[in-house]
Structures are given as structure tokens and as C-alpha cells.
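Read through the structure below, which is laid out as C-alpha cells, and then see the notes.
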């Protein structure tokens, strides 16, 4: 399909709007909508939170009675089903818009072309594919869950420039600068769940929650910060209720293998803590792929993996990581310091998973590198 520069301008605005929902829309996708009539924006909006009005409804409400004959630019195909809210395709039809331009089709089986078909059946002109790659980037996690029934896994790593995460004596605070640590909280906040291991939680007495600065809160669309679900792998029953993690609000899932030896003593957990048992190997280790399947079934789109070298290595060995976010500090920690990821050894270079750099930027005194899985050719 052929699109004009003006079409692209309005779709870019819709994409920018959709990005504003990145902290809070889970498990729904990020969606933005711009209504245009006589070359002027008459209404716009973005989806903020599941169970609340979708982007199209916000835009229609802003346009009021002026929506008839307008063109709607939407970053994702309007829904055609009734869930916690009504179908957006039906709302656009009722408002008598003349045309809908979608960046991409929604792979959700409940939609998957039905929204566009519903609009076309009502006589509305429908076009799609405008800035589709940018729209995909908005919702990589949602799209992966819809297409593969697995969440999108991002592994966060932080190290000195010689790839070390702690001194030989275990001291690690702080390798990275305060700006980098604040950036971690912003990225944590954009994920459905944070995954870690019992070793990290115990050794650091880590809370693994989201704590945003006043400046970061200025971009947050809700009054209260949504805390990602914290998923802690603990097959050896090492976690206890007195840890700092357990004293902070937000849902916590303790994951254990069904093959791990049972503990005689039953812990009394706070009400926000549940235990999840998944398949495991003969040594009692959690089957990570089975865990990802279960989390996706529970509407988890994205996982922020923030653990030690062993857990990161276990995910990496099975090639379960979609993206690495690596913070490098301008320091040399020297011999004997602890390494970044426990994986290998490899006997052949062809056995090593190939990644590609997708972003590199300074964060305060440090550098943040983003690496994604290389597309299969």
C-alpha cells in the first residue's frame, strides 16, 4: 500500500503516544491512536492500563461529535471482541469514521484480522502496514507471547570493562554509577516480571522492586507505580519470610522443581507470596522452558532476568534470552574477580549463539549496550 508523508507523520504521533503506556499496559499491548479530520488532529489517546479504555476510545472521546468522516491512525489493529472492555472496531463504526490506518495486524487469536474485517464490512476504508517495523518494536514482548506462547526474556548484566561483577571477596557495591542504577529501575518498570535466584536475593538481601526517581515519575501515567511480579527460583528451599524481598508490596512467586527434595518445615509466607512447582531434572533444577511456558500462560509478556552468573548462564545455555542489556563501568577489577556469565566451555566457535548490537549509549559515567538475538537467515 502507498502512504503519504502526512500519513507517516500522524502514525509517528500515534507511536509516540503508545510509548507512554509502556510501564502500565501489561498484559495488554501498547497502543496509540490519532484521529484526523481536514488535516487536523481532533482527538488522540493511548492505552494506559488493562481494564480501562483503549487508545481508540480515548481518541474518540476527545473528538466527541467531530469523529464522523475522520481518519483514525492506530498502531495496532482495533480489537473486535468484548473482554474487560468493548470492541474498539465497533466504537469506530459507531462514530462513523471514514478510514482506519493500522500499523500492523494484531496476532492475538481473538483479533487476528477480525477487527479489520469488521471495519471493512461496515464500509470503512482500511489500510495497514504503515511503519509496521516501528509498531512491532513497541510490542515485542506482547507479540512474542502471542506468536510463541513464551515471554520475551531480557537479561540484565553489569560489569567492569574486564567483564567482572564482583571482587574476589564478593564486594560489588557499586560497580556502576547511580545513573545506570536508576536506568535499571526504569527498565524493570517496563517488564511484567523480574526473575532472579535465591542466591542473589539472599546474598544481596535484594528487594528486586521498582523505585523511580521524581524525574522518572514525571513520565509515569499512573499515580501508583505498578510493581512487576517477582519470580524467584529456589529449588533448595533457602528463602525465608524475613528477607527484605518479602517485606515489600507486590506479587512474589517462589518457583521450585517438582523433582527437588521436599522440606519438612513449611514456611508461613506473607499473603502476596505464592509457590509454583514446575518440571525439573534429576538434580532438582527447575526446567526453565517449562517455567517460561507457565508464566506466558499466566499472561506474562516480558521477563527481566536479574540474577547471578549461574542463573544467567543457565538461561543462556538453553538460548532462552531474547535480549541482553549490559552496563559497563570504566573500571578494571582484575584477577580473581567474579565473571559475568557462567557458560561453556565451548569446543567450537560455531556452537556460540550469535547476537547483534541494537543500541549503544552512555548512561552517566557508564555505557549501556543492548544486544538482540540475530535473526535467522
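Quick reminder: no glycine exception, Cβ is built from N, Cα and C everywhere.
Model, not experiment: these values are computed from the prediction.
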Query raised in the report: Of 188, 323, which does TrEMBL put in the substrate site with 172, 208, 211, 306?
Result: 188
Query raised in the report: Taking Cα atoms as reference points, which of the binding-site residues 54, 88, 188 is nearest to residue 313 (NADP(+) binding site)?
Result: 188
Query raised in the report: Where does the mean pLDDT land for the domain 'CMP/dCMP-type deaminase' (5-127)?
Result: 92
Query raised in the report: So for residue 54 (Zn(2+) binding site), how many other CB atoms are inside 10 Å of its CB?
Result: 28
**Report entry** Alpha-carbon spacing, residue 188 (substrate binding site) to residue 158 (NADP(+) binding site), which is rounded to whole Å
**Finding:** 14
